[in-house]
C-alpha cells in the first residue's frame with residue numbers, strides 16, 4: 001500500500017488551492033480547515049465545487065483528506081450556549097466534508113471547565129449523538145495534551161466518549177497526535193515505552209478505531225501537558241521517536257498529516273522528506 005503522508009494546508013483563494021499547495025509540499029494526503037480556525041464561520045460548498053475538488057484530488061493522488069474543526073468547539077462544556085454553537089459548527093463542518101468528499105472531520109473533545117471529568121465525557125457523548133454524521137464521513141476524536149480540564153489525554157478516556165455515545169460505532173474514530181501523546185506522558189522514544197503505548201491503544205481503543213495520525217514533534221518534555229508543536233527531529237520526540245511511529249506495523253497503512261510550525265526553519269516539504277527518510 002502507498003505510504004500516505006501530507007500536511008495541513010490553507011484553502012485561501014478557494015478549496016482547490018489546497019491541492020496545489022499540497023503538491024508543492026510533495027504530500028499525497030492532507031488536512032484543511034473548512035473556515036477560520038478561530039471563528040465559528042464555516043464555508044458552504046456547492047455540489048459542483050465538491051465534485052471538482054474530488055476530481056483534482058484523484059488526479060494528483062491526494063487521498064484521504066481531513067477537515068480539522070475550529071479550535072472554538074467544546075462539546076465538554078457545561079455552558080448550553082457554547083455547547084449549541086459547538087454542535088452547529090461541527091455539523092456545518094461535517095456537511096462541508098460530505099459535499100467535498102473529505103473522509104474525516106477531526107475535533108478536540110474539549111474541556112469540562114469545572115463540571116468534572118465524568119460529566120464532561122457524558123456531555124461529549126451527548127453532543128456526538130446530536131450530530132447527523134453523513135454516511136461518507138467519519139467523525140474523529142483527537143487525543144489531547146491534557147492541560148487543565150481538557151479531556152481526551154488517555155486512550156481510555158477517548159474510549160469512554162465513544163462507548164457512552166449511542167451513535168453507530170463505525171461513524172466514530174480516533175486521530176492520534178504525537179505531540180499531544182508525548183505531552184500527556186506517553187513515551188514514544190524508547191522501544192519499551194512505545195510498545196506500551198501501542199498495547200494501550202490495542203486494549204483501550206482498538207487499532208481499528210485509529211484512522212489518522214497527526215505527526216508533530218514537541219518543544220517540551222514528556223508529560224509537560226503543553227501543546228507546542230515542533231518540526232520533525234528538532235523536538236523532544238526526535239528522530240528515534242518518529243522512526244518508531246512511522247515504521248510501526250500497526251500504523252503502516254494510516255494517513256499521516258503534519259501540523260508542524262510555520263516558523264520557516266523547516267518547510268512542510270522538508271518535514272515530509274524527513275519522515276520519508278525515516279520510513280524503512
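Using the three backbone atoms N, Cα and C, a Cβ is placed for every residue, glycine included.
Residues or ranges marked as Zn(2+) 1 binding site by TrEMBL: 68, 108, 142. Residue 108 (Zn(2+) 1 binding site) falls outside any helix or strand according to DSSP and counts as coil. Within its own chain, residue 108 (Zn(2+) 1 binding site) has 69, 71, 73, 142, 144, 150, 152 as residues 6 or more apart in sequence whose C-beta sits under 8 angstroms from its own.
Classification of residue 177 (Zn(2+) 2 binding site) by DSSP places it within a strand. Taking the Cβ of residue 177 (Zn(2+) 2 binding site) as reference, residues of its chain lying under 8 Å away and at least six apart in sequence are, in sequence order, 142, 143, 144, 213, 214, 216, 259. Summarising the annotation, TrEMBL assigns Zn(2+) 2 binding site to 142, 177, 214, 259.
The annotation Zn(2+) 3 binding site is assigned in TrEMBL to 180, 227, 229. DSSP gives residue 227 (Zn(2+) 3 binding site) a coil state; it is part of no helix or strand.
The domain 'Xylose isomerase-like TIM barrel' annotation in TrEMBL covers 31-277. Within the model, the domain 'Xylose isomerase-like TIM barrel' (31-277) shows a mean pLDDT value of 98, rounded to a whole number.
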Task: Protein Cβ atoms within 10 Å of residue 180 (Zn(2+) 3 binding site), excluding its own - done: 26
Open item on the list: Neighbours of the Zn(2+) 2 site 142, 177, 214, 259: Cβ within 8 Å of the Cβ centroid, same chain, sequence order.
Closed with: 106, 143, 175, 176, 178, 179, 180, 213, 216, 257
Open item on the list: As a test of the contact definition, list every same-chain residue at least 6 positions from residue 68 (Zn(2+) 1 binding site) whose Cβ is closer than 8 Å to its Cβ.
Closed with: 8, 31, 32, 33, 37, 105, 106, 107
Task: Per-residue Cβ crowding (10 Å cut-off), top of binding-site residues 214, 229 - done: 214
